[in-house]
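Visitor: Input: one structure, supplied below.
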Amino acid sequence: MDALLQQLKALEIAKMGSTQFIRGLLASILLNAAFCTPGMCISLFGALVNAEKTDRPKPSPGFSKLTVVEAEKAIAGNLCRCTGYRSIADACKSFAADVDLEDLGLNCFWKKGENPDVKVSRLPSYDHNNEICTFPEFLKCEVKSSFLLDSQKSSWYNPVSVKELQSLLKAIKGNNGARIKLVAGNTGMGYYKDLQQYDKYINLCHVPELSIIGKDRTGIEIGATVTISKAIKALKTETNGEILSESEMVFKKIAVQMEKIASQFVRNTGSVGGNLMMAQRKCFPSDIATILLAAGSFVNIITDTMHEKLSLEDFLERPPLDSEIILTSVKIPKWEPIKNESSEKDCKILFETYRAAPRPLGNALPYLNAAFLAEVCRWKSSGEIALNKCVLAFGAYGTKHSIRARKVEEFLAGKKLTLDVLYESIKLVGASVVPEDGTTSSAYRSSLAVGFLFDFLGPLIDNVAKISNHWLDNHGSATISTVDEVKQNYEQPDHAKVPTLLSLSKHVFEVTKEYQPVGEPVKKSGAALQASGEAIFVDDIPSPMNCLYGAFIYSTKPFAKVKSIKFKSKSLPYGVSALISFKDIPKDGENIGSKSIFGPEPLFADEMTRYAGERIALVVADTQKHADVASNLVAVDYDMDNLEPPILTVEEAVKRSSFFEVPPFFYPKQVGDVSKGMAEADHKILSAKMKLGSQYYFYMENQSALALPDEDNCLVVYSSSQCPEFSHSTIARCLGLPQHNVRVITRRVGGGFGGKALKSIPVATACALAAHTLQRPVRMYLNRKTDMIMAGGRHPMEITYSVGFKYSGKITALQLDILINAGISPDISPAMPHNMVGALKKYDWGALSFDIKVCKTNHSSKSAMRGPGETQASLIAEAVIEHVASTLSMDVDSVRSINLHTHDSLKMFYVSSGEALEYSLTSMWDKIAMSSSLNHRTEVVKDFNRNNVWQKRGISRVPVVHEVIVRPTPGKVGILSDGSVIVEVGGIELGQGLWTKVKQMAAFALSAIKCDGGVELLDKIRVIQSDTLSLIQGGFTSGSTTSESSCEAVRLSCKTLVERLTPLKERLQVQMGSVTWEMLISQAYLEALNLSASSFFVPDLNSMQYLNYGAAVSEASLSRTPFDFRWFMIQN
């Protein structure tokens, strides 16, 4: 009991100690869906702790020892899928001692012209004198002796020596082939999602021989279980001259490359040996294997009683090692300085590492990695440079393991470096680094290899240096006169190559007191709960007693008959309770999994499956893992005889006339006469083609639901949903129940982007069906792989366009033929033509004609995704504009400006154009050019491009016109006896701040009662979760207007309450003179005044549809050696 109390006390202290930096994060209003925020907080906390341990100078009051680069790196491995990266990074940087306050997008904290001290005082203060609360030491004191932890299915062992480990492996080997897993950090589970249940788990972390870090004259030896973070620290440690400069340089470069692996918290757990074993056994695209291969490393392994020392290359090329072979350590050799036999030349070691990945730092596997080590010599008389020998290692490009480009090494060995030699070596690399068949982006990966080698050798060749006198910035002077200069350029400080990830931000708020607190920058509602990890999402709800867990079985065929579904074994897999399919739907129910106004989608395939990824059945088991494992143990018997081939492309859909009907009111009207516009054109581009792919939602919270059987044949379903009302009616229809028997509750959603609208309904419905059938609680949390297969995502499409235009760049006509791949069910796809054309009309095309077909194919149904249709259409519009500009050799910004609407042309294209004074795009267009210094920056970009061959910059200004549609929305407001206020709205809090805006509107509307006492109504208001039986007709949360309509519904409800309270307040004021809010509400309760009001906001025809305008300027930098791209500035 004492130990338990100690743990609770320690955790409470840690929680209290974390509040100061959590408050800092909250103060910057960084949170959106906030499912990722607790991880960000912990990452930042770790960075603060480590910074305080350094011997850096004491920072200014309110700041920590953290640096800006460290602050950004702290969260570089954390994923955020909303729009919070900028504000999160700014909040983290606000703790840094070297932060430039003007670079922070926190302008809401201070006023223009305030001095820096005042600005600092407005930021949340960090007190570095407080004791930093870390994980309690006594909890780290594990029992470091051998012990066995038995469970019903598996055993866990903790050997404390290699000898004990070998004995254990030998004993298990004789145990009739028991399945063994050796475990260190076990971070490989994050990549391989291993669902196999092992019989024996052996923890290697307490074996001293495997956790050594040894340094001697021959190099550094790192034990197999040493974490990547500890290895980085060891490689970076200064040795006061004991290690020669060449070796120190190699070690530091290895450490810097290791810092780009995964994220800090993964590196703190993942081991060097585990990474190498994954590369050897499972062809893992390892960065560590590549860089250590180039460094000439060796590994030590133990097989039975035999110790072997292998080169890393031999180790990787062996057949996959079994679990009985133990990797004990890896040895990175020192590279001795080359002894110059002649005074005529100067020789040095050069080492460089490379990595190209979707993200520059953290949590993204590389397209290609490489590491090069070379012995270079320069003849003092001629200045020529030669390679004595070199090691060129490449990995992660679609091969089994990292390799050395031996042919290129042999070609370069002993050669003087010239342009011809460089050219030949590049050709050899292109032929050597060839991804295997089926590798994605294979041509890009091969081009990266060429770029990497060019980047490494280019600075060594005088002619290449003269070609670009700013070669990749980090390589220094125009000509390379000495090898020492080359070496110095290759030894730039670690941070020189890694600029801060986000460069500049500025928020400008214009707030009026008239509607206070509406529009004011306030802390987001629920932010403290979200940042601390205390916010309850669906999967955080504690499982009820006897709860079961579900996992979908989905089709692997696009079009086939389903003959049978059964488990591969005769008996049910361990933990499985049932297999639910369409046959289990009640007689009065329907096989319906979701619905839209255009039609339903089945919950399960019946006798036919119509697309790969279609739900066939639901496995229900006692744990989520058992359900996931069991779903992979099901055999589905398909029959494809006498069936037509599936429709997998839009071209095939056109051939077979497979289309969804678009209701006439969703199909927009053509604009103008295209034939006439084409006849007036000086130039024409005919039948140009574009192809746009799909996109996965990647919300941080996967689809999840919990269904609870209730009394009297009722169900309560918790769902992470953007439209609980649709889930409610779908569940009732599926189960054949009246809707008043079903209650759907949604508190908040951990990211949606449209994917939690219709795509969340089948998950909730399947849980409800299983719970209703088995009369037990059933919950489900889709794993990421299943979620990605079933999600559908953004609509892919193929576009053909013809455009006519004048010499001036003015476009006279645009003709579009668009084929949209909608998948198997209509979902929201018939609305896509309307959405697309609305966004396409942002320019004055003169005349606009289009033929948009919504194709039905044997793919998962595509659904709403962040600007469905508008996103693709805006890209199409910009592609047309840029094509015209390119054809005329005109500046694209000029072509955009020429084709902006006047109010007269706007009226021709948009019915909801509004009054002339409301058309603000042209003034906004000019204003952003001034605020972003567009003209000056354009000249700077042009000058940069003229003077740099290998790096290029671009800058663009883009407009947007968004046609907004406001939908009816309900609201309810109640005032409780203590004066606190409770609010319900139809909109769902997805992270967009809907609850915050609703609270502000309620505070504003109720303040009309004008009570005395200066009460802050905003603090008295709580918005509660969505409940489909408490507030009906909630509708969709989508289209960027739900906050607006929810606020209006709340305003109307508050207006009713104010009208009821005003006579009472006036009467009390006459009697008492001063009336406080609490006094008024208390008296209202005594007089039985109705203090609950509901409303249903229905927009009138004038406000139902209107136009929003926007403009943005962005600047980017791109290296022509294809592995470096970064944004410089975005302003909107």
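Our numbering is plain: 1 for the first residue shown, then up by one each step along the chain.
Glycine too: its Cβ is placed from the backbone N, Cα and C atoms.
Summarising the annotation, TrEMBL assigns transmembrane segment to 21-49. The [2Fe-2S] cluster binding site annotation in TrEMBL covers CYS36, CYS80, CYS82. Under the heading domain 'FAD-binding PCMH-type', TrEMBL lists 149-337. The annotation FAD binding site is assigned in TrEMBL to SER271, VAL272, GLY273, GLY274, ASN275, ASP287, LEU327, ARG355. Annotated Mo-molybdopterin binding site per TrEMBL: GLN722, PHE753, ARG866, GLY1039, in sequence order.
Describe each of these features in terms of where it is and what it packs against.
Guide: For the domain 'FAD-binding PCMH-type' (149-337), the mean pLDDT of the prediction comes to 87.
Other Cβ atoms within 10 Å of the Cβ of ARG355 (FAD binding site) number 25 in total over all chains.
Shown in sequence order, ARG81, TYR697, TYR699, MET865, ARG866 are the residues of the chain, 6+ apart in sequence, with a C-beta less than 8 angstroms from the C-beta of PHE753 (Mo-molybdopterin binding site).
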Visitor: Which is it, of GLY274, GLY1039: the one of these binding-site residues whose Cβ has the most other Cβ atoms within 10 Å?
Guide: GLY274
Visitor: Between the Cα atoms of ASN275 (FAD binding site) and CYS36 ([2Fe-2S] cluster binding site), find the distance and write it as a whole number of Å.
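Guide: So the Cα of CYS36 ([2Fe-2S] cluster binding site) lies 26 Å away from that of ASN275 (FAD binding site).
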Visitor: In whole Å, how far does the CA atom of VAL272 (FAD binding site) lie from that of GLY1039 (Mo-molybdopterin binding site)?
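Guide: Cα-Cα distance, VAL272 (FAD binding site) to GLY1039 (Mo-molybdopterin binding site): 47 Å.
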Visitor: Taking the centroid of the Cβ atoms of GLN722, PHE753, ARG866, GLY1039 (Mo-molybdopterin site), which other same-chain residues have Cβ within 8 Å of it?
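Guide: My list of surrounding residues reads GLY752, GLY754, GLY755, ALA757, ALA864, MET865, GLY867, PRO868, LEU990, THR1037, SER1038.
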Visitor: May I ask which residues of the same chain, at least 6 positions away in sequence, place their Cβ under 8 angstroms from the Cβ of SER271 (FAD binding site)?
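Guide: Set apart from SER271 (FAD binding site) by at least 6 residues yet with Cβ under 8 Å, we have ALA184, GLY185, ALA224, THR225, VAL226, THR227, ILE228.
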Visitor: Return only the integer: C-alpha distance in Å from ASP287 (FAD binding site) to CYS80 ([2Fe-2S] cluster binding site).
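Guide: About 24 Å separate the Cα atoms of these two residues.
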Visitor: So the record assigns SER271, VAL272, GLY273, GLY274, ASN275, ASP287, LEU327, ARG355 to FAD. If I measure every Cα pair among those residues, what is the longest distance in angstrom, as a whole number?
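Guide: Greatest Cα-Cα span of the listed binding residues: 26 Å.
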Visitor: What is the separation, in Å, between the Cα atoms of ARG355 (FAD binding site) and CYS80 ([2Fe-2S] cluster binding site)?
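Guide: About 22 Å separate the Cα atoms of these two residues.
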Visitor: Within 10 Å of the Cβ of ARG866 (Mo-molybdopterin binding site), how many other Cβ atoms can you find? Include all protein chains, please.
Guide: 15
Visitor: Cα of CYS36 ([2Fe-2S] cluster binding site) to Cα of GLN722 (Mo-molybdopterin binding site): how many Å, rounded?
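Guide: A Cα-Cα distance of 19 Å.
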